[in-house]
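Written below as structure tokens is the structure these notes are about.
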Amino acid sequence: MKRLEVSNQAKLPTQFGEFCIQCFREKGSSGSKDHLVVFTPNFSQNPLVRLHSECLTGDALGSQKCDCGGALQMALERISKEGGLVIYLRQEGRGIGLFNKVNAYALQDKGYDTIQANEMIGFKDDERDYSIAGEILEYYRIKKMRLLTNNPKKIAALEKYAEVTRESLIVCANEHNQGYLEVKKLKMGHLL
């Protein structure tokens, strides 16, 4: 835990149920970044885990261009019933940040897919780093989990820290995100 500062725990009542929250401040050469863990008080030794990267447009604004907000809501609903945690990483736009994400959205409006748009503004298809999530899992002493994901990169990253069983999390396609979901499946290998 050399690069993490950990906050106190607090209660968080939500529309999905009662949770606790705890913040993890990641310290790095370019400053600090705060990540949030939302969890049920007494989760099992094989909890449901959702590793979720921040998506302001989907999570807070209800964007239909992606499946992020729906995936987060589905995860919170399941976790409130079955026990577990959401590790909410501050990695907006698959790690490119909000400013660059909006620029990528503008390119998508012109017909480019999500990967092409990222590459056109100088980024890889996915710039995220999940190692901080591994440190968070170690903090909670999680050695085995049921990971709510369709992303094989998340599975591979977390298998370094714990035994992972994948549970799918399918958000229905709509007219705005159908192409995005197809790109995630065909070009990024998502298990949709």
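Glycine is no exception: its Cβ is also placed from the backbone N, Cα and C atoms.
Annotation comment: Swiss-Prot describes Arg50, Leu51, His52, Ser53, Glu54, Glu92, Gly93, Arg94, Thr114, Thr149, Lys154 as GTP binding site, evidence class sequence analysis. The Cβ of Gly93 (GTP binding site) lies under 8 Å from the Cβ of Cys55, Asn100, Lys101, Ala104, each on the same chain and at least six residues away in sequence.
The Zn(2+) binding site annotation in Swiss-Prot covers Cys55, Cys66, Cys68 and is backed by sequence analysis. Its Cβ taken as reference, Cys68 (Zn(2+) binding site) is surrounded by 19 other Cβ atoms within 10 Å in the chains shown.
Taken from Swiss-Prot, the feature active site, proton acceptor covers Asp126, and the record attributes it to sequence analysis. The Cβ of Asp126 (active site, proton acceptor) has 18 neighbouring Cβ atoms from other residues within 10 Å, across all protein chains displayed.
The DSSP secondary structure for Arg128 (active site, nucleophile) is coil. Annotation comment: Swiss-Prot describes Arg128 as active site, nucleophile, evidence class sequence analysis.
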Distance from Cys68 (Zn(2+) binding site) back to Glu54 (GTP binding site), taken between C-alpha atoms, in Å: 8
Number of other Cβ atoms within 10 Å of the Cβ of Lys154 (GTP binding site) across all protein chains: 23
Those residues of the chain, 6+ apart, with a Cβ under 8 Å from that of Cys66 (Zn(2+) binding site): Cys55, Thr57, Gly58, Asn177, Tyr180
